[in-house]
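A quick write-up on the structure given underneath.
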């Protein structure tokens, strides 16, 4: 989750996962309806096949299906740490940059990293503290040998934060014991001098500076059991597996190397433009974050989007708590009326000047199944679009429709339709383009920067103001002390007189 991670992840606000709670399910009758309107027309384009690059050829069979997890609790990969190797499940998080593992007993952990048992552990004698919007962890920094059994056949020495204390970080039943931050060093804790795991991997091996994620999500199977509540996917390290997507990959530039920041230039609900200043979509940033569950939107954008989604799905009446993510809606198993819900389209800046492409998100993505309250008679869902105070976050529910390529070498992120996304017979997720969009650079939000000279000027002005306030106070104190001295002398004289009497 960013360092300002929401409850990992799936918190809405930093990057953290949402806590599992008991929700009131709202039972709604099923009504028949037509499929949503067809997607808008796009401009003609030439074939957009990605170029082959060194390290992108070859087989990644051993990495396919190497992710596991539970709906709403994140995706994890198996890793080994230390000598002899200690096996741990590690949450995959593109919204933070620390590799951190539980290193002390915790009620929600079945196992943890025991540094004293590793002959290759090196203590850096430095602490680290990471707070989230809700939750936190702290620990001790060190290095050790790390490998990924269902990944590249290499072992690297990497920085590890051994988590010794935490609050609302680990999730009961999630089955992961640590977090693998895959973002850039700029947001690493305690500072950007701490090299993230993926940087160490690329530097110490010949693996190309690229990875890709296919998050497959969870739909309701016909024969539902607790075991089937899990989700899966693939993390391909060092390249692209063409079997994991259909169609072409479309790339958007990474605006800044801290989070995986991108620029959204337009938002549509069922083909209807929200018609907002595009800066609003990116206020104060837009990031791709596998460690957050929801699609999180800035306040104004969220309100406009919900208004449009409500209007499009008006054949059913939903409680206000549903749109706030506080209540669930349930239908009889297998009868969810997907067709009454609109698609959401996000237009992303393309690599070519004045061109964008759009990713189309289905209701099967933004209505998240909640298995722990569903019965064999009901399918229950949570609205997985929420309000954000830290910009737009394209979380796991968005990524579950697409194969997402984090091409760090070329500073770009690619999107293609995932071969495993959940859809119905009427609509599928889509990645389409190009579309002509002018002045896209203006859509990025620039955080105001104050130079040192301005700060010094402000400091001098504040000091002068303080001095002006302090001067009268000092004069008053001096005057009071003088009067007190005079009064004290007078009191002594009076006492002497009384004695004489």
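In case you wondered, yes, glycine gets a Cβ from its N, Cα and C as well.
The feature signal peptide is assigned by Swiss-Prot to 1-21.
In the three-state DSSP scheme, residue 93 (active site) falls into the strand class. The active site annotation in Swiss-Prot covers 93 (among others).
A coil conformation is recorded for residue 289 (active site) in the three-state DSSP classification, outside any helix or strand. The annotation active site is assigned in Swiss-Prot to 289 (among others).
Taken from Swiss-Prot, the feature transmembrane segment covers 458-478, and the record attributes it to sequence analysis.
Residues annotated as motif 'DXXLL' in Swiss-Prot: 496-500.
Look at Swiss-Prot and you will find 498 tagged as phosphoserine, backed by a large-scale study or a structure entry.
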State the mean pLDDT for the motif 'DXXLL' (496-500). 30
In all the protein chains shown, the tally of other Cβ atoms within 10 Å of the Cβ of residue 289 (active site) is 30
